[in-house]
Amino acid sequence: MAGIAVVPRSLHSGGDDDDRDNLQRPPTRHSAAPKACRVCGDEIGVKEDGAPFVACHVCGFPVCRPCYEYERSDGNQCCPQCNTRYKRHRGSPRVPGDHEDDDFHGADDFDDEFPIKHHNQEESNHQDVDAHSENRDYVQPQLHTGGPAFSSTGSVAGKDLEAEREAYSNAEWTERVEKWKMRQEKRGLVSKDDGGGNDQGEEDEYLMAEARQPLWRKVPMPSSRVNPYRIVIILRLIILCFFFRFRILTPAYDAMPLWGISVVCEIWFALSWILDQFPKWFPINRETYLDRLSLRFEREGEPNKLAPVDFFVSTVDPLKEPPIITANTVLSILAVDYPVDKVSCYVSDDGASMLLFDTLSETAEFARRWVPFCKKHNVEPRAPEFYFSQKIDYLKDKVHPNFVKERRAMKREYEEFKVTINALVAKAQKKPEEGWVMQDGTPWPGNNTRDHPGMIQVYLGSEGALDVEGKELPRLVYVSREKRPGYSHHKKAGAMNALIRVSAVLTNAPFMLNLDCDHYLNNCKAAREAMCFLMDPQFGKKLCYVQFPQRFDGIDRHDRYANRNVVFFDINMKGLDGIQGPVYVGTGCVFNRQALYGYDPPVSEKRPKMTCDCWPSWCCCCFGRSRKTKSKKKGQRSLLGGLLPKKKKMAGKHYSRKGSIPAFELEEIEEGLEGYEELEKSSLMSQKNFEKRFGQSPVFIASTLMEEGGLPEGTTSSSLIKEAIHVISCGYEEKTEWGKEVGWIYGSVTEDILTGFKMHCRGWKSVYCCPERAAFRGSAPINLSDRLHQVLRWALGSIEIFMSHHCPLWYGWGGKLKFLQRLAYINTVVYPFTSIPLLAYCTIPAVCLLTGKFIIPTISNLASIWFLALFLSIIATSVLELRWSGVSIEDLWRNEQFWVIGGVSAHLFAVFQGLLKVLGGVDTNFTVTSKAADDTEFGDLYIFKWTTLLIPPTTLIILNLVGVVAGVSDAINNGYGSWGPLFGKLFFAFWVIVHLYPFLKGLMGRQNRTPTIVVLWSILLASIFSLVWVRIDPFLPKQTGPILKQCGVEC
C-alpha cells in the first residue's frame, strides 16, 4: 500500500520492498553472562582470597554479599532456598545467634565487625570499582544482551547519592538517619559510642542500605477489618441457603405466577452477588518507593538506567473530542518527570484530521516554553488548562523569586495558544469543496477519511526543536494509519495495534502507557510509580501491565449518576489485585510490550527437592538410576541452553503448556547449530512462522526479540520511517495473529476487557497502583442520557464477549487463570443479563398493589427471622466493606441507585441489541436529540436528551406511583384491617422508587424548576387511575343471585 511519511519540514512517499529487505537483521543473542544473584540480579563477587562468594554452604543458592548481609541483619537470617540459617563469613558484622555456630572462634576480625565505613577508606574503595569491599560497596557490571531485562543495584556509593539527601530538609534527613541508627543498635550491629565524628560514613551507609530495599511492598488489609468481613460473607451465604429453602417450600398459592417469577429473580440475584463478592476476598494495597528507584537506576555520573516508555494517545474525531483537551494531554506527557531521551509520545488520529495535525504542530511549539516552566517550578498538574483553573493557593511551597512573574507570562502565552487552537477549530467547521490544503500547497492526504494513505509526522525529539533553554524535549509523533474501502479496521483496537508496530519500529521502548485523549497526567511521577513494579528484577518479569485507577474532573459534588465509579475502582479492583491482578479498563495502563506480543510469562525454576540429596547413592539402586537419568536429560537440554531463552514462549491456541512454542533470533533460525539439526527442526521457530504471526516486516520482527528494547543496529531514520509506514498499511494484518493472539484483541467494543483476559489466561499477572496523588484524571459524561449511552456501550461489549469463543465460562480452562479471577471475568460478561430479572422484580410491587396479591404468604415468627437476618447481613456486608476500603456511604448508595437505573435501561437494551447483532447481524443505533444547557458550572448535568433508553425506567416509576396510590386508596376504603398486608407491598414499591430517584431528578432537570411534561403526565395518570380503581372497587367480593329486599313484616 502506498503511504506518506511526514518528517519535519519535508514530505516523503512510502518505502519500497527492496529497502525493507536490505535492513540489517538483529544480532545473535549471546547467553554467556556472569553468575547473577537470584535475589537482586547483580553479579556475585569473590571473597578476599579470590574464591567465589558462596552464601549458603548447604545448597549453594546464588546470593551476592550485599543481599547476604541484608538478609542476616534485616531478614530471617536463612537461605531463601533451603531455609538453613546463614553462617557468618569473615568480615561480616555479627548478629544475634552467631555465637552458637560461629566458625571463627577467636578469629581476630574485630575491625570488620561493624558496617560503619571510615572516611579514610572511601578513596581506596572507589579505586577498585569491579570488586566487593568489606564495607559492602558494589558497582554494577556491564549488562550482557542475554542477561535479564533489568538488573537492580545491590548498593551504591554515598558520594553518588547527594540528590537523595537534597530531597529532604536537614531535620527530616537527620531524623531518618537517627531512626536507622536506632534500628542498628537494637540489633547489636553498632554501639552508641562508635558513631562519634563519623556522620558522613553513617549517611553513606544508610543510603547503601536504602538502595538494597525493595522498590514496592504489598500492604495487606488489617485482619481486624478483613476477617469480620469474610465471616459476614460466609454467614450471608448460609442465610441465603435457608432463605431459599423457605421461599421454595412455602409458595404463595393465590399468586403462583408472581411467586415463581420472584423466586427465579432472587436466585439470579444471589448468583450475581456470589460472582461479584468472592473476587473481593483478598483485598490488598501496595506502596511504592520512588527514592529507592532513583538510588538504583539514576546514579550521579553514570548513564540513566530507567527503562524507556512509549506513551500512546488515541483520538478519532477532533470535533467531538476537543483538540484543546488532546493538546493538554500531550503537554502533560511531554512534561513528565522522566528522562527526556526515554519518553516518546505517539498520537493516533483515526480520523485523519488536518485539524489535529495542525493542533499538534502548535502544541509542539508551545511545549518548548511550557515544559521548562513545569520542570523549573515543579508545578502540578502539568496540563495547563487544569493547572491554571485550579482553585488553590498556587504560591504554596514556591520560593523562586521569579515564579509569579513567569507564571503570569506563561498563563498569557497559554491563553494565546488557546485562541490559536480555537481559530483552527472554527476554520475546520466548514470544509472547502476542493478539500483541505497544507501550508506548502499540497492537498491534505486525509481529505477522504475512509480512503487515505498512512501518515507519520515526527516532532521534537533528538532531531527536532529544543526548548527555550536549549534542552532536548521528548519525541512527539503523529500517526494516522492507512484506510481503504473493503478492509476491516477494528476501530480503537486496530488503531492501538498500529501504534504498537510504529513505536516498535521507531523507538521500541519495552513499556507502553496508553491514555484516552481526555485523560491527562495529574501526577508527573506516574511513570516512575509503574517502574517500581515493572523494573523489579524478579516480580517485574511476570507483569503484563500496571493499571491505575480512573479519576474524573467536572463531576457534581453528589455524583448523581455514579460517574466516578468509586466502588469499582476502590473496592473491586483492590480485591482483584490480591488474586491475579486488576482487569484492564482501557486507559491509564502501563504495558509490558512482551505481554502484548502474545508471549507467555517466564516460568520460575522449581527449587530442587532437598530429599534427593539426603539418600546415599548406595541406599537404593532406583534412586541412583533416577538421578542419573535426570542428569542426562538435563545435560541434553543444556546443549541448546544458549538458544532457548526461558522468557520467549508463544501462547498456543488453547494455552496449554505443552503447546507453548519458544521464539528465537532470526540469525539463529537461519544458521542453526551444527550437529543438532534434527533437534533444531523440532524446536526452533522459522522465520516464516514469525511472519505469519507478526507480519512481513523484518525490522518489527527483530524488535520483538529485543526484550530490553532498542533499535536494530545499522538502521537509519529514513529507513525506519519507511518501515513504519509499511507496518500501518491496512493490509499488513491480513493472515497474521494480530487481534487474535497479538496486541489488542478484536471481537468486542470493549477490547480492553478482552485483551486483559487473554493475558491473564497465559499466566501473566497485573498490578493495581494507587499513588497518593491520582496519576491520571479525565472527563466523564455527567448528564443522564450520555451516561446511559456510555453504560450501553460497555454492556454491549460484554454481550459480544459472552457470545464469542472468548467467553470466560468456557475459554482457557487449560491455562493459568486462577479460579477467583475467572469468577470476576464471568461477572464482567454476564452482568447485563441481570437487567431482565431486575426489570421483572421492579414491576412486581406495582402488580401486587394493583391486584391485592403478594409474593410471600403469611409467615410465622420463625420464618420472619430469616428475612430479618438476610437484611442485616446485607447491611453488615456493606458496612464492613466500607470500613476496609475507605469508600463513603454516599458513594456506595449512588452506586446502588445507578445499578438499578442502568439495569432497567442501558443493560436491557444492550442484551437485545447484542443478541440481534450477534445472532441476526442487525446493528441498531439509538438517536439522541438534545436541548441547549445554561453556560454554568455543571451545566451539562441538567441537559435533557430524550432517548429510547429512558422509556423503561419512566414506565416503572409511573407503575409504582400508580400502585402506591391505588394501594393506599384501597386501604382507606376497606378500613383498618387492610393496612397490615399493605406494608410489605409498599416497602417493595418504595424500594423501587427510591432507587430510581436520581433518574426522576434527571427528568425534572434543574432543581427548583417546573417539572417536565413527563412528570406532570405521570402524576395526572396516577391520580386518574387511582380514582377509577377505587370507583371500580375490585377488592370487595361481588354478590350474585336474586336481590333481597326487606318486606316490612315482623316475623
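Using the three backbone atoms N, Cα and C, a Cβ is placed for every residue, glycine included.
All annotation found in TrEMBL is predicted automatically rather than curated by experts.
The model shown is predicted, which means the values in this text are computed figures rather than measured ones.
According to TrEMBL, the features are:
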- 1-33: region 'Disordered' (REGION)
- 32-103: domain 'Cellulose synthase RING-type zinc finger' (DOMAIN)
- 88-114: region 'Disordered' (REGION)
- 96-114: compositional bias 'Basic and acidic residues' (COMPBIAS)
- Ser314, Lys320, Glu321, Asp350, Lys491: UDP-alpha-D-glucose binding site (BINDING)
- Asp350: active site (ACT_SITE)
- Lys492, Asp516: Mn(2+) binding site (BINDING)
- Asp752: active site (ACT_SITE)
- 829-850: transmembrane segment (TRANSMEM)
- 862-880: transmembrane segment (TRANSMEM)
- 900-920: transmembrane segment (TRANSMEM)
- 941-962: transmembrane segment (TRANSMEM)
- 982-1000: transmembrane segment (TRANSMEM)
- 1012-1032: transmembrane segment (TRANSMEM)
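The C-beta environment of Lys492 (Mn(2+) binding site), restricted to residues of the same chain at least 6 apart in sequence and closer than 8 Å, consists of Ser314, Val316, Asp350, Trp744, Glu751. Looking at Glu321 (UDP-alpha-D-glucose binding site) and Asp516 (Mn(2+) binding site), their Cα atoms lie 10 Å from each other. The maximal spread of the UDP-alpha-D-glucose binding site, taken as the longest Cα to Cα distance among Ser314, Lys320, Glu321, Asp350, Lys491, is 16 Å. The average pLDDT computed over the domain 'Cellulose synthase RING-type zinc finger' (32-103) stands at 74. Those same-chain residues not listed among Ser314, Lys320, Glu321, Asp350, Lys491 yet with C-beta within 8 angstroms of the centroid of the UDP-alpha-D-glucose site C-beta atoms are Thr315, Val316, Asp317, Gly351, Lys492, Ala495, Cys517. Note: the CA-CA distance between Lys320 (UDP-alpha-D-glucose binding site) and Asp752 (active site) rounds to 22 Å. Note: the Cα of Asp516 (Mn(2+) binding site) and the Cα of Asp752 (active site) are spaced 12 Å from each other. Minimal Cβ crowding within 10 Å, among the binding-site residues Glu321, Asp516, is found at Glu321.
Asp752 (active site) and Lys491 (UDP-alpha-D-glucose binding site) are 13 Å apart (CA-CA, integer value). Each of the binding-site residues Lys320, Lys491 was assessed for Cβ neighbours inside 10 Å, and the highest tally belongs to Lys491. A simple way to gauge crowding: the CB of Ser314 (UDP-alpha-D-glucose binding site) has 23 other CB atoms within 10 angstroms, across all the protein chains here. Each residue in the domain 'Cellulose synthase RING-type zinc finger' (32-103) gets a DSSP state, and the totals come to 14 helix, 6 strand, 52 coil.
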